[in-house]
Amino acid sequence: MAGMSRLRGRLGWVAALFMAVGLGAALAQVGPTTQIFDPKTHKWINYDRKKARQYYAAHGQVPDAFRRQIVTFRTAEKPGTIIIDGNQHFLYLVLPGLKAVRYGIGVGRDGFGWAGIVRVGRTAEWPTWTPPAEMVARDPNAAKFAGGMPGGPDNPLGARALYLYQGDQDTIYRIHGTPEPWTIGLDVSSGCIRMNNDDIVDLHAQVRVGAKVVVLMQGAALYKGV
Amino acid sequence: MRTIHLAATALLTGLAAAGCSSTAPEPQDMARTTVQTAPADLQLTCASAAATSAGVDADKVLPVGSSQLDATRYQVELNASGQRYTCVVDNMGTVTSVQKAA
């Protein structure tokens, strides 16, 4: 009898696990998805990590929409201001004359997206990457660099980093390069804004310390500076 | 003959109305997400209008949500120093209303 009771308890636990996994899968499908237009089929297709990697391997670059370009941008914000549209995966650098440079970006994955009004506190070329303590604890590869990974082409921060501050406090979020350029256009990070290395070098050359940064993200998990 | 012509015209009109046109977007517009939001510059236009309406510094107003109302207008939800505002802006950047949310 006690054995039957234990068996029922185990079956109930297994059923609950399957329900939780199913619910998780369903919720994962509810989240926003990047799509790109396929000119051959004239259909919008989902653009996930696998598809992005295939596209990059075939074309050697990201889709047109995520490449650097000058666009019309009607705003009263000062030239030099950075506007990040996290939902659409674009970063705008405001130019004079109602124009902006638009760059493709990768942003925080589900639960890691944030919004706010911050500023560029400092910048670095080929920055050192120091993994946060929780990443060191869970990831043996990150643990190797607990004391800091020197800058270079394999460094997760890429060629340049803009450190985002709220007042005089480092938010721990950065706009930085990446050794994984195919991830531009996707929700992949832990909250940092990633750009391909050519783009972050271009942005870094035009941005001043103190520049205002507005981060727009519908459904953000966190707000900074407001 | 006239009947066939009319039928063909009706069919083409119907297809266009149903969105069956095969016109492709411009290359720079060939990406989107399944969450449709207002363009970033229009969200900021609303933030500026809400700052004036709320009497607060524009640096303290953040768009927190947006949606498309129809072919030419967007609604933007804003946080203005803790107060909620709703703004309607058209695709030319003209703000048609700013209201404090209930």
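The backbone N, Cα and C atoms fix where each Cβ goes, glycine too.
What TrEMBL records for this protein:
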- A:HIS176: active site, proton donor/acceptor (ACT_SITE)
- A:CYS192: active site, nucleophile (ACT_SITE)
- A:80-216: domain 'L,D-TPase catalytic' (DOMAIN)
Report summary line: For the active-site residues A:HIS176, A:CYS192, the largest set of other C-beta atoms within 10 Å encircles the C-beta of A:HIS176
Requested in this report: Measuring Cα to Cα, tell me the gap between A:HIS176 (active site, proton donor/acceptor) and the residue listed as 'active site, nucleophile' in whole angstrom.
Outcome: 8
Query - Mean of the pLDDT scores, which run from 0 to 100, over the domain 'L,D-TPase catalytic' (A:80-216) - result: 94
Query raised in the report: When DSSP states are grouped into helix, strand and coil, how many residues of the domain 'L,D-TPase catalytic' (A:80-216) land in each?
Result: 23 helix, 58 strand, 56 coil
